[in-house]
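Peer 1: Before we start, here is the structure in question, set down as structure tokens.
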């Protein structure tokens, strides 16, 4: 065995010392951050308490109309079981079924994301501010997916009775699990310190601003008195408005040629969430009795205020070199599109300020899948479904 030279021993000792110093500094930073967040959390609790009171007061002012709509929900076709319909075919709700087939054709798995090049970028190309920003974005995504899936499993998938919509929600639950796995893998890959990982995985409790988003979401979607239509709007606002700024910030990294694994997974997840948001709008359109447009507007604009505040105070986009005013405008642009989809008028009346988000923002346009030909769809799924519904003759039918 070769004898260790004094210079190598000194170098190893220095390396160990640097690692220990680095860990010590990280622990100090985390403790400082926790203390700052404890102070923020105390202030936020007071704000959330006031927000909850204002929320109840606002809904009380619409009590009579909402009570009538709640009673009328008993007659909603989407929410009432058709005991004579025991099998899926023949399809009754064709638009809803096509939404399911689009989701099915977009299936992917976490194993398809190559993170090997990201490690180099994370350690050598990204600065401390950028690493801080991305780690917090991933923490929010991981926390939000838990809320989304819980709502799907406990509420929407059991409340909606038509088989076409149940098919979509069943698939969405599975794909949200894949999103959750992907976010966890990303955090595990980039964040090597166990204490920091724990801090990020518990973001709802450790990062007050993410906790505020969660509280707002639960206030709307887990309220027993909330109308189904109101909860659809809130759910779409989570996946549409709350995710919009974070998606845009990661696409900004792609524009700079960084983090290919992260940005590719972001493309896939952004596309999925777009389908999920569109589906919420589609179900809303099928409701016979819709919520008051004023309440729809309030839900969406509340989400915008929280999202804009999040990127102003908690996670300044300047850390990535992005313009904060343009980010605010982008969130408003996304919100306007959502309001129009729900039958409301535009509230903000702004243009999309991010050219790199143009094709992503427009429904049906997905030209950013460079790793796959033809929209990353499983071969023939959509074409087969469309032909079957149209009654088209095909040469592979059984005779």
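Note that Cβ sites are derived from N, Cα and C of the backbone, with glycine treated the same way.
Below are the features listed in Swiss-Prot for this protein:
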ACT_SITE  183  active site
BINDING   145, 176, 179  Fe cation 1 binding site
BINDING   176, 239, 273, 276  Fe cation 2 binding site
MOD_RES   15  phosphoserine
MOD_RES   24  phosphoserine
MOD_RES   41  phosphoserine
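Show me how these features fit into the structure around them.
Peer 2: Residue 183 (active site) has a Cβ environment of 25 other Cβ atoms inside 10 Å.
Less than 8 angstroms from the CB of residue 176 (Fe cation 1 binding site) sit 145, 148, 149, 152, each of them six or more residues away in the same chain.
DSSP classifies residue 176 (Fe cation 1 binding site) as helix under the three-state reduction.
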Peer 1: Give me the sequence-ordered set of same-chain residues, not including 145, 176, 179, with a C-beta within 8 angstroms of the centroid of the Fe cation 1 site's C-beta atoms.
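Peer 2: Surrounding the site, in chain order, are 141, 144, 146, 148, 149, 175, 177, 178, 180, 183, 269.
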Peer 1: Write out the long-range same-chain contacts of residue 239 (Fe cation 2 binding site), meaning residues 6 or more apart in sequence whose Cβ is under 8 Å from its Cβ.
Peer 2: 148, 273, 276, 277, 280
Peer 1: Around the Fe cation 2 site formed by 176, 239, 273, 276, which additional residues qualify by having Cβ within 8 Å of the site's Cβ center?
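Peer 2: Near the Fe cation 2 site, the remaining chain residues are 148, 172, 175, 179, 243, 272, 275, 277.
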Peer 1: Here are some binding-site residues: 179, 276. Which one has the most Cβ atoms within 10 Å of its Cβ?
Peer 2: 276
